[in-house]
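Annotated features in Swiss-Prot:
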type	residues	note
TRANSIT	1-35	transit peptide
CROSSLNK	Lys59	ubiquitin cross-link
CROSSLNK	Lys138	ubiquitin cross-link
CROSSLNK	Lys144	ubiquitin cross-link
CROSSLNK	Lys156	ubiquitin cross-link
MOD_RES	Lys156	N6-acetyllysine
CROSSLNK	Lys173	ubiquitin cross-link
CROSSLNK	Lys187	ubiquitin cross-link
DOMAIN	188-336	domain 'MOSC'
CROSSLNK	Lys289	ubiquitin cross-link
CROSSLNK	Lys296	ubiquitin cross-link
Amino acid sequence: MGSSSSTALARLGLPGQPRSTWLGVAALGLAAVALGTVAWRRARPRRRRQLQQVGTVSKVWIYPIKSCKGVSVCETECTDMGLRCGKVRDRFWMVVKEDGHMITARQEPRLVLVTITLENNYLMLEAPGMEPIVLPIKLPSSNKIHDCRLFGLDIKGRDCGDEVARWFTSYLKTQAYRLVQFDTKMKGRTTKKLYPSESYLQNYEVAYPDCSPIHLISEASLVDLNTRLQKKVKMEYFRPNIVVSGCEAFEEDTWDELLIGDVEMKRVLSCPRCVLTTVDPDTGIIDRKEPLETLKSYRLCDPSVKSLYQSSPLFGMYFSVEKIGSLRVGDPVYRMVD
């Protein structure tokens, strides 16, 4: 290498050494710069999203047994599979026929009269004309695992024993029933199976809820519905997990992502309503008409999504849990926007 080359190298701050040596040094330097840039980019805080308060949590319900009466709670954990209060999770128990097919208040309306009390390691069940029964939350691992069927999809459930099976059978008086419990080690029902044609939906799993981990309705939406009904209905007809006050009627239809407490939620879809909404939660009598017929008169979906909702009216919203945490009654509800 000539003197002119050595001078040029000196200007660049590279020693006059063999070409292979300084090229290696240069490469290492460039690599260090690149890694530093990547590290800086990763270390930069993400652009903070704006929070717009849209309401306040006025009520929280957990429904331990599918279709049975909900338990009102002041505070709850929010897991990726739904609400949890202590050791009790939302819709982790389900009544089934002996062949494993689910039974809900659609088939047995009097299920809505089964009251559940949370008692440390037990659930206490009460129903009209029945002696209370205590159900342990933790079941023996030796209990039989049933292959169950829920809205056409397979899911497992651990048998809760003969005593509670006889209790439900005696109460409903139509056929033999079993009670099963979901275990987090079991495989839940996934988005891909719940909505095989809706590939855009985020991925999540549920145990025995109909569609999603969280069901939310605003108080104002119920008020709006009741202005159209001869016989007023209460929120328990619709079995939400979270009720929101302080917003306009059906404003929840527009909420894509929410922050409540330290829980982040993402909209899945609107809640299509069925005949279950016509079961009176105080009497266990099914009407099969109202409030469903009135909802159909003004809450049908846009024609562009008719393949998803068919002729079901929409009332309430389903959400998935994007960040687990806890929430409580009185928490502000924030809409997260970019």
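Just so you know, the numbers here start at 1 and follow the chain as drawn.
Heads up, the Cβ atoms here are built off N, Cα and C, so glycines get one too.
Feature map: Swiss-Prot annotations on the structure.
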residue: Lys59; record: ubiquitin cross-link; contacts (Cβ under 8 Å, 6+ apart): Ser72, Met235, Pro240, Ile242, Val243, Val329
residue: Lys138; record: ubiquitin cross-link; contacts (Cβ under 8 Å, 6+ apart): Lys87, Asn121
residue: Lys144; record: ubiquitin cross-link; contacts (Cβ under 8 Å, 6+ apart): Arg158, Asp159
residue: Lys156; record: ubiquitin cross-link; contacts (Cβ under 8 Å, 6+ apart): Ile145, His146, Asp147, Cys148, Phe182, Asp183, Met186, Lys187
residue: Lys173; record: ubiquitin cross-link; contacts (Cβ under 8 Å, 6+ apart): none
residue: Lys289; record: ubiquitin cross-link; contacts (Cβ under 8 Å, 6+ apart): Thr278
residue: Lys296; record: ubiquitin cross-link; contacts (Cβ under 8 Å, 6+ apart): Ser311, Pro313
Taken over the domain 'MOSC' (188-336), the model's mean pLDDT: 97
